[in-house]
Structure formats: structure tokens, C-alpha cells
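Enquirer: The feature compositional bias 'Basic and acidic residues' is assigned by TrEMBL to 108-126. Annotation comment: TrEMBL describes 14-94 as domain 'tRNA-specific 2-thiouridylase MnmA-like C-terminal'. The region 'Disordered' annotation in TrEMBL covers 105-126.
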Amino acid sequence: FKAPSRDHPALYRDLLRTNRVHWIAEEPPAELVREKMMECLFRFRHQMALVPCVLTLNQDGSVWVTLVKPARAITPGQFAVFYKGDECLGSGKILRMGPSVYTLQQGKNREESPKKEEIDKIEPAT
């Protein structure tokens, strides 16, 4: 897929799934086990700014990562790295991604656009 521009909404995603996460200090963190969810920070490229996210733990040790704001150009095969403050919690390989911002916008536009019958019912303003 080649997007028309570097900032095209098709390049942005806010949901991804990793394989089984390799946790560094705690396997997996107690908060994540207890709550099944945990807020932390995420990056998938070495120099990129950390992005707030929510991890949801799956039975197989993988996680769903929901980003607070969509990130650009996330690709399967890259590693998602998780942090609490400056501490690296662990990482997992990105396996799947949720729909792009573009796909979500298309769906929203379809839901919001009135159907022809509804347009016909609208009385002209007098």
C-alpha cells in the first residue's frame, strides 16, 4: 500500500497486538495481571517519542496495545517496547494491527451520511 502523502490517515493506527511479551523485571507486571489492563508508555522505533498507551493482557501472554493517539507507520515485525517512566518493562514483536485512522474515518462517514430516503423527507427551508 502506498499512501498519497506522508501524513495520510491510512498510515496511522491506534491498536496493535504483539506476540508473547518478554518482560524484564516482573513476568508480567503485577498490575497487568491483577487488573488485566495497565497504562504505560510505548515506542516502536528507537528515537521516537514515548506514546501513552493501555495494555490489555491476553491468555497467551500477548498484549493488545491501545495508543492514546494514533502513531504513524507501525508495521508487523517491529518491536513494541513498553516503559513506566524511564524503566523499560519489556517488549513484544508486533503481529497485527487494528484498522487505520483512514478506515475508521470511512466507516464513520458512511454511518453519518444520510440515506437518500431521509434526504427526500427533509422539507425545503421556506
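Backbone N, Cα and C define each Cβ position, glycine as well.
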Enquirer: Would you report the average pLDDT that the model assigns to the domain 'tRNA-specific 2-thiouridylase MnmA-like C-terminal' (14-94)?
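Expert: Across the domain 'tRNA-specific 2-thiouridylase MnmA-like C-terminal' (14-94), the average pLDDT comes out at 94.
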Enquirer: Looking only at the domain 'tRNA-specific 2-thiouridylase MnmA-like C-terminal' (14-94), what are its DSSP counts of helix, strand and coil residues?
Expert: 6 helix, 45 strand, 30 coil
